[in-house]
Amino acid sequence: MEVSLQLQRPLRYKAVLSHRTDCFKINSLPFARTVLFTPSRNECLAGRVSHRVTASAADFSKRRRRRLSSGSSPKGFTPKTQAGTSDKKRDQKNNDDEEEDSSTPASRESAEPKKMEIESKAEEELTIELSQKNKIDEGEKEEPKEDVTSSGKELAVAKSNLNAENGSVSKFVEDVVGLQKKEVILENDTVSTSRDITSEGKQFDGTITDDIVTEGKQLGGTIIEYTVAKGKHFDGTIADDTVTKGKHLDGRKTDDNDIVKDESVKPDEKVVEDVSEKLKLEMEENLRKQEIEVLAEENFLKGNKIFVYPPIVRPDEDIEVFFNRTLSPLNDEPDILIMGAFNSWRWRSFTIRLNKTHLKADWWSCQIHVPKEAYKMDFVFFNGQNLYDNNDKKDFCITVEGGMDEFAFEDFLLEEKRRELEKLAKEQEEKERQEEEQRRIEAEKAANEADRAQAKVEAQKRREILEQLMKNAARSVDNIWFIEPNEFKGADKVKLYYNKTSGPLAYANELWIHGGHNNWSDGLTIVEKLVRSEREGGDWWYAEVVIPDRALVLNWVFADGPPKVATIYDNNNRQDFHAIVLKNIPEELFWVEEEHQMFRKLQEERKLREEAIRAKAEKTARLKAEMKERTLKRFLLSQKHIVYTEPLDVHAGSTVTVCYNPANTVLNGKQEVWFRCSFNRWTHRMGPLPPQRMLPADNSSHVKAIVKVPLDAYMMDFVFSEREDGGTFDNKDGMDYHIPVLGGIVKEPPMHIVHIAVEMAPIAKVGGLGDVVTSLSRAVQDLNHNVNIIFPKYDCLKLNHVKDLHYQRSFFWGDTEVKVWFGKVESISVYFLEPQNGIVWKGCVYGCNNDAERFGFFCHAALEFLHQGGLQPDIIHCHDWSSAPVAWLFKDHYMHYGLSKTRVVFTIHNLEFGAHFIAKAMQYADKATTVSHTYAKEVAGNPAVAPNLHKFHGILNGIDLDIWDPYNDNFLPIPYTSENVVEGKQAAKEALQQRLGLKKSDLPVVGIISRLTQQKGIHLIKHAIWRTLERNGQVVLLGSAPDPRIQNDFVNLANQLHSTHGDRARLVLTYDEPLSHLIYAGADFILVPSIFEPCGLTQLTAMRYGSIPVVRKTGGLYDTVFDVDHDKARAEAQGLEPNGFNFDGADSAGVDYALNRAISAWYDGRDWFHSLCKRVMEQDWSWNRPALDYMELYHAAKKY
């Protein structure tokens, strides 16, 4: 009988087998333990597997009903003796099988090398012909219904008719003989077979069935499996348990007699999966070896030193690198190593030893994992020492396909760096927190010890005082006072009697006792009113008093009223009254407790002080941060009439729109505007971006361009041009446009700035130059740049302001030894030069007849110090005529001899002095500045400046917020900010009036703080004094004149005013630092009527303290004071609001115009005036903005 079975099912094996078309015919001997596989030439059907099942010499027309034998068969089935088969031989064979299967796998494997040929005579022969074509993909494994038992088990089933129709099986073999499992190795001359494993659970296509006789034969690299289905159709559909569960394969239920049960059959899925996986891996490995052999042969013939497998390298996979030693300089080396990294040697470096391979020729290899971030792999080979093969100095390189590109990797690195910086920042923050906590604990411990020591000292002092009082104390004084009862202790209630007629209270209407204890240690603790007593022998009064609990001595006085009301006292002739209190506890215990109470009190007081200091420091920091933020916003808005960004704050990684108004620039009227941009001061790794034509913005004269800001940007740089290829440029007069970028992972690298100056506050201050040198240095240092000052070591220095001053070294310039000292002034590093020729030892800064020679020597020595010390600052900043020689000495003697990277910036503070030196410095400096925009315009025509206007800029000075801070000013009665400016200034005004002897009244106060020189407009100052008095105001002047004639003139004026208007005018003709602070805070107005003023700090300090400036329109006064009536638009252009009163001209009419409006505003609108005081306090006139402007100038100088 022959039955054909056609099955169509999904392909289950990998594509690597798609080229195999081998077909196999499987001959199965029903009672043998081996299945023979022979090649078949049948053509495979496309897309399906065809199975042909043939049975002969068997009768399938009848179904034989058999039940499970109750004999000794072990959980299996006893097969019926087949015709033509010897029972004896069969039994002997089964016994042999049982013995073999009972042994260990190792023993079985050792016995398997024998070649076996198995023959069997059978009445039935089952032949399965298997064909396959195309690819066989690995599929999902179906769970087996049952698992045939291991060796020694037999399975008997009843015969069943088999009918295959339309690709399905309606009936299966009714009677299948028992099969025993055994692994047999076929002869070597048979087909290529890896091994024969009897197992269960695989279909021919790799899916799992219930019964699998053999698991894996490999013929020509193809895995086939021989299965006997028990519960599944060959087409993959699930059949009922035909043999064991009493159902036919077509789903029809059989009779009970047809059911054969075997409870011992258990599934062993893991074995099936493990074996299947192992076979697949072996198959893949063999295929891999074949492909590698082909690649090795091809590359060797081409003369290639290297190749990789797989040939296409993809990210996040393992590759094997092959290296031919014969073709390399390393051909005689016993050790070969590969050293490499990914992405141009920037990611994941590695060094791995190579191993000799089985390939023909001298191929060595190693495995490398390609990370997911890789876009290429760079490597060289070496011998582990100093002999390399680096591909003729070009290195080896392999491209990684399908992953990141170079730009994506750059973004990835930046993001990695950002995360790393965040992690480091958190770690640093935690470290600082722990260190701070440790410092706090140590400080608390030290403070507690100090408090305990102080408590012990105070307790001892108090004890000595009380012991002395107790010696002098009495229980009563005849005819003056006594206490009932005469002996009492703490907490007792007593009556204290007083004879009114015995002292100064004889005529008082009321009598009161003001008392305390223990020498008033706790202040006033007893206050009682006395009542008249009926006691005779005097005018006796008494009060009931509760003795304080811890009192040793009672202290009191009598008065004619309660505290703060009484005017007459009886205090026992200033000795007070004292009475002894009996002790409640032992004396030593009392003083131990007293010391502890003192300790606790000291602790509480200290903690309150510390908390107040901490809260004040936090508020100060917050106010400074808020002001800094407002200043940055003002800085960004200051050029809004030309350029601004949306959003205003530019953040790294964001996209911003740059808006530009060419109407206000040199590009006005141009048909096109092109935007040219880069980052990080034009040094960004991506270089300048391609020029971008700007498009019209909506509803405005602006044009716009859109820019993506990289993650590693800290500054956005741009200029504008009329054409793509250039033409006319708007580059902000050579400074370029720059906008800071927030949140970047890269911070701006610090610059190194060295100031060379002859004035510095507070160690050698003469004028505003000293303030600028110190304050500018601090502000730039706060921007994370490195700042040093080189300064003469005068013999008049205020060394108490220098910290850690120490001698560092000496050097020679010419024939003079110059000693170098180092110290910190206001947290700035200062190098003090002390020439041993004594040229700076004159007891003063200025005033010698050889000042030019002195400062010239110092300037040369300063440059020599930099040169010999090997210092290479980015910027040397020199100031005014006194250090102007630095500019030309540097260019003539040092720029080409060791200081080539340095650039020189020169600042004019006052052109009235040393114009010749200033002119020469202007010529040699790379950039030059003066201290305000208006002053720069005023001196632009000066012969010392005019030839070099192209490098001349005006930058306002600022004030030091730490020195001038009403919230932390110890010279003021109460600290104040803009939040309580009215209360703070009122208290300061009262303190000022009291100190100077002025009338304490609610009048407008005009303050004048100035050097009395012609430049400061002394004739206008005199007029303003009289005008203020005429308007019923008060006036205070603080200042002195270097010219004796002017000084005498003001002395006479002071005498006149003090005699005629002593309650409303006071002139203090000297320098008084504390008084200057009090005037700034207590005055309502500060007058600055200078004839010319390069910058001026007085009006800035006044606004810091909430005083309103009244100034003449000149220099920096015009740049900083915006008239409340006339300058609203000008103020808005600077991002400000009007803040004072100003006037033109230099005559009395001009002063009157501004001063009259100011005083009238004070009288007529007090609320408005107070709001103006609050407004000016919130404006930032510190070095926050000037420091940013100077940094822009420094960077511009570096481009030269």
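Each residue, glycine too, has its Cβ placed from N, Cα and C.
Curation plays no part in TrEMBL annotations; they are all automatic predictions.
Lifted from TrEMBL, the feature list:
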REGION    57-153  region 'Disordered'
COMPBIAS  86-95  compositional bias 'Basic and acidic residues'
COMPBIAS  109-124  compositional bias 'Basic and acidic residues'
COMPBIAS  132-148  compositional bias 'Basic and acidic residues'
DOMAIN    316-401  domain 'Carbohydrate binding module family 25'
REGION    425-452  region 'Disordered'
DOMAIN    491-582  domain 'Carbohydrate binding module family 25'
DOMAIN    653-742  domain 'Carbohydrate binding module family 25'
Three-state composition of the domain 'Carbohydrate binding module family 25' (653-742), taking helix and strand from DSSP: 3 helix, 42 strand, 45 coil
Tally of residues which DSSP labels helix, strand or coil - the domain 'Carbohydrate binding module family 25' (316-401): 3 helix, 44 strand, 39 coil
Per-state residue totals over the region 'Disordered' (425-452) - DSSP helix, strand, coil: 28 helix, 0 strand, 0 coil
Three-state composition of the domain 'Carbohydrate binding module family 25' (491-582), taking helix and strand from DSSP: 3 helix, 40 strand, 49 coil
Integer mean pLDDT for the domain 'Carbohydrate binding module family 25' (316-401): 95
